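Listed in TrEMBL:
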BINDING   13, 64, 74, 75, 162, 199, 217, 218, 227, 228  substrate binding site
ACT_SITE  73  active site
ACT_SITE  73  active site, proton donor
ACT_SITE  226  active site, proton acceptor
Ligand SMILES: N[C@@H](CCC[C@H](N)C(=O)O)C(=O)O
């Protein structure tokens, strides 16, 4: 069999997209692990499976680099949004995900020459049971010092719906990854708090409408960006008054996105807007062993490099 794949990224969070008519036709976890190996064309952060849906124009499933399946992927959904909108020649669609049918839409370019899409991020819950996460007998962790994690970071636990631990930090915890890597490795290993692991993000407030977010992703490790994490970080920053705007620019190691966050009496409306860059089209034969038959790079990454350069001018001071 010859499989047609797209290599794509949202804010530098890199994925393969494969569309299937039969979800039962392959071990997607095994394929995802193989595709994401760093010595295999540079690897990726995950596999996005596009399949038929009775609830939307298509269904998206998310396989992490370690083969685990996640309930949601914000950067990936923007790329699937572009794939589906271009396939059906529409500018808006509804995509079925594990826990919600989400609206996606083509948007004006976030930066010159950058294909841009928005995606709804839902459902949202601050209840620890939704992650799941255990901490003493608490029902929620909301902007609190957790002494077992750190004595100078205020953490919030939230699911969107994949699990996130959001820490608002001072510059010393952004300047290097040591503390974040140690805590993330603990919470994604054998531990008493997060049985299924958790995405861990450190958030540095830049000004009243922008933050910097670095994420250690469950099932992957540090990535250039995590869309659900950036959106969750913008929501937490808005709720806790770290930013005053409802439209938050979120800078990250892979560039920047826009997060629109509205919250009122426990109701949350979240939208993630950013690039959907297609970097290559590939053919994979799966007869005996998996072999690449062709790799055709697009010219889209060059335009994206300009966005990265712009973002770096805004955040370079954090790493001096
Ligand atoms: N990078 C994705 C999130 C992918 C899933 C995550 N690693 C998890 O296991 O929850 C995003 O852009 O949201």
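Glycine too: its Cβ is placed from the backbone N, Cα and C atoms.
Take the active-site residues 73, 226: by the count of other Cβ atoms within 10 Å of each Cβ, the lowest one is 73. Look at residue 227 (substrate binding site): DSSP puts it in a helix. Counting only residues at least six positions away in the same chain, the Cβ atoms of 10, 119, 121, 160, 226, 227, 228, 229, 230, 231, 272 sit under 8 Å from the Cβ of residue 74 (substrate binding site). If you compare every pair of Cα atoms in 13, 64, 74, 75, 162, 199, 217, 218, 227, 228, the residues listed for substrate, the longest distance is 16 angstrom. Taking the Cα atom of each, residue 13 (substrate binding site) and residue 73 (active site) are about 10 angstrom apart. Under DSSP, residue 217 (substrate binding site) is assigned to a strand (E or B) in the three-state scheme. DSSP assigns residue 74 (substrate binding site) to a helical segment in the three-state reduction. According to its DSSP assignment, residue 13 (substrate binding site) is in a strand. Straight-line distance linking the Cα atoms of residue 217 (substrate binding site) and the residue listed as 'active site', rounded to a whole number, equals 11 Å. Within 8 Å of the centroid of the Cβ atoms of 13, 64, 74, 75, 162, 199, 217, 218, 227, 228, where the record puts substrate, the same chain has further Cβ atoms from 62, 70, 72, 73, 76, 215, 220, 223, 226, 229. Cα separation, residue 73 (active site) to residue 162 (substrate binding site), rounded: 8 Å.
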